[in-house]
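Participant: Copied straight from TrEMBL:
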{"type": "DOMAIN", "residues": "60-326", "note": "domain 'Orn/DAP/Arg decarboxylase 2 N-terminal'"}
{"type": "MOD_RES", "residues": "K85", "note": "N6-(pyridoxal phosphate)lysine"}
{"type": "DOMAIN", "residues": "353-423", "note": "domain 'Arginine decarboxylase helical bundle'"}
{"type": "ACT_SITE", "residues": "C481", "note": "active site, proton donor"}
Amino acid sequence: MDYGIKTWGNDNFFIEDGKVKVNTGCEPSLIEIIQEIRRDGIRGPILLRFPHLIQKQIRMIYKSFADAKKEFGYEGNFSAVYPLKVNQFPNFVKNLVTLGQKYHYGLEAGSKAELILAMAYNNPDAPITVNGFKDNEMISLGFIAAEMGHNITLTIEGLNELESIISIAKDRFGCVPNIGLRIRLHSSGIGIWAKSGGINSKFGLTSTELLEAVNMLRDANLLEKFTMIHFHIGSQITDIAPLKKALREAGNIYAELCRMGATHLRAINLGGGLAVEYSQHKTTLHKNYTLSEYANDVVYLLKDIATQKGVHEPDIFIESGRFVAAHHAVLIAPVLELFSQEYTDQKLRPKEINPPLVQELYDLLGTMNRKNALEFLHDSIDHMESLLTLFDLGYIDLQDRSNTEILVNLIIKKAVGLVADKKLSEILDIQDRVQERYLVNFSLFQSLPDFWGIGQTFPVMPLDRLDEVPTRSASLWDITCDSDGEIGFNTETPLFLHDVDIKNRDYFLGFFLVGAYQEVLGMKHNLFTHPTEATIIIDDDGYSIENILESQSISDILEDLDYDIKEVQENLNDRIEASDIISEKEKKHILGEIYLFLNDNGYLKTINNEDNSQ
Ligand code: PLP
């Protein structure tokens with residue numbers, strides 16, 4: 001009933017009075033925040049940002065490394081940069097930069113556009129690191145950043161980039177960025193994002209290339225600019241062991257390079273990878289270590305290697321993004337419909353003489369009790385299969401078929417209610433067979449692309465009714481016209497939701513930990529755009545809803561695809577004007593409607609009835 005909130009929630013949310021509440025300040029419930037936003041007429045999915053959760057993650061990182069440094073008497077410095085690729089949305093980045101100011105928290109860029117952002121927003125005195133493939137223009141941008149006074153390190157992915165740096169340094173104004181070398185480790189990561197490490201990875205210099213790079217730098221009189229080595233074994237490192245192995249390898253490379261005369265080499269950049277616990281179930285945890293364990297291991301291992309090899313203890317850089325960004329955003333989406341909601345007994349149309357199996361379904365429904373519930377449920381599902389075959393063979397008619405569907409659904413509802421308090425293992429099989437489909441007003445492709453792309457799961461739970469036992473095994477359907485837009489019921493990690501009548505009562509689902517990667521990877525499948533977003537600031541006296549940014553309108557999204565929106569509008573107008581099925585007055589009315597549609601977003605608004613707009 002708590003949807004594993006203690007496992008994935010990081011103490012950020014808790015349940016009280018049947019509602020999910022935010023664990024800070026005045027502790028508002030998510031449902032009251034959403035209802036307040038909706039009071040202004042906003043509908044569809046809404047992404048809530050909580051800046052205090054960005055602050056919490058940044059604070060935890062710096063504190064854990066400060067504690068580890070103290071514990072082991074470590075002499076190197078600790079720095080962190082936020083990799084922009086994880087979430088570049090302004091209402092996230094601007095908050096992050098402000099909140100990170102006192103730590104000199106920096107930014108990492110992996111493209112020209114991200115570098116421009118870093119140059120424009122990075123905190124003074126905070127580092128910038130640049131990774132990824134670079135052409136001459138991107139390298140020149142790095143020089144411009146250095147010329148502006150930024151503390152920037154360009155990390156070289158291949159020797160050709162180093163050649164470009166050497167050549168550009170000759171042509172510019174004497175101010176050269178720091179240079180990092182990305183090392184190609186033998187060690188690789190673990191999990192679905194492990195491809196960034198290992199000898200066959202896309203990035204980094206081999207040992208031979210490293211030696212060559214040092215010689216090139218020495219020959220160009222730029223060895224003093226070589227300050228950092230960098231590696232990244234993949235995002236969401238689920239197990240600490242591969243990281244420790246990679247650290248040993250990187251630490252030894254660092255020591256060897258220092259001993260070879262890289263006099264200004266001072267830092268090891270571990271890249272990102274700190275994992276987030278996404279699991280709602282204790283049996284399927286997504287990581288096996290804590291942040292302080294990570295910090296202690298990093299500091300201890302690097303100290304150990306430096307001592308063994310007689311080199312100075314390196315400064316430590318990390319580029320963890322997922323860990324910093326994931327927690328801050330929650331997507332709230334209204335449930336629009338329960339698939340079985342239309343199956344009510346009012347819709348039954350019994351015949352004077354029903355076919356025997358249909359009559360038996362009536363009897364099963366009427367006589368079902370707690371003791372026989374599962375048996376009757378099995379029987380009813382078997383009967384339904386037989387009745388559908390009879391329909392295909394022409395022995396029963398559409399009305400019998402409709403009665404069958406309604407009766408079986410009524411039996412399912414009654415049975416799951418009767419056995420709700422039984423052990424999950426006893427009823428899991430049947431729950432799998434009697435899933436309820438919840439149609440949810442969001443696009444999985446836009447808001448949870450990693451679920452679609454690589455099967456990454458995210459915690460999901462209703463925002464209220466948490467003091468009532470959820471009885472329905474749920475599969476979630478999004479509103480795209482694509483059957484991949486579904487989070488199916490999984491008996492390993494089952495999701496149960498409440499049996500709600502959406503016509504009479506709202507029911508919202510929260511998708512948590514969606515602040516990392518999901519927003520920018522989101523696809524405009526079916527032309528559903530980034531959802532409406534709002535930033536929630538909470539203190540002891542109350543909360544405020546700021547920076548509401550409504551989801552793009554249909555006009556905007558068509559323009560993004562390079563449609564000439566005037567042409568679209570003119571085509572529509574001409575076709576309406578030319579219609580001879582409607583009157584002039586009706587045409588005017590329709591033109592007004594079209595105008596409103598074009599200027600609104602494409603998520604669903606009303607379903608079932610006007611009063612219950614979603
Ligand atoms: N640094 C580099 C070089 C990366 O490629 C990535 C992402 O894959 C990161 C940092 C961020 O990783 P994460 O979000 O897992 O911390």
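Cβ coordinates come from backbone N, Cα and C, glycine included.
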Participant: Whole-number Å only: compute the distance from the Cα of C481 (active site, proton donor) to the Cα of K85 (N6-(pyridoxal phosphate)lysine).
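Facilitator: Cα-Cα distance, C481 (active site, proton donor) to K85 (N6-(pyridoxal phosphate)lysine): 29 Å.
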Participant: Tell me, how many other CB atoms lie within 10 A of the CB of the residue listed as 'N6-(pyridoxal phosphate)lysine', whichever protein chain they belong to?
Facilitator: 21
Participant: What does DSSP give as the helix, strand and coil breakdown of the domain 'Arginine decarboxylase helical bundle' (353-423)?
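Facilitator: Helix, strand and coil residues of the domain 'Arginine decarboxylase helical bundle' (353-423) number 53 helix, 0 strand, 18 coil.
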Participant: What does DSSP assign C481 (active site, proton donor), in three states?
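Facilitator: DSSP call for C481 (active site, proton donor): coil, neither helix nor strand.
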Participant: Taking only the residues in the domain 'Arginine decarboxylase helical bundle' (353-423), give me the average pLDDT of this model.
Facilitator: 92
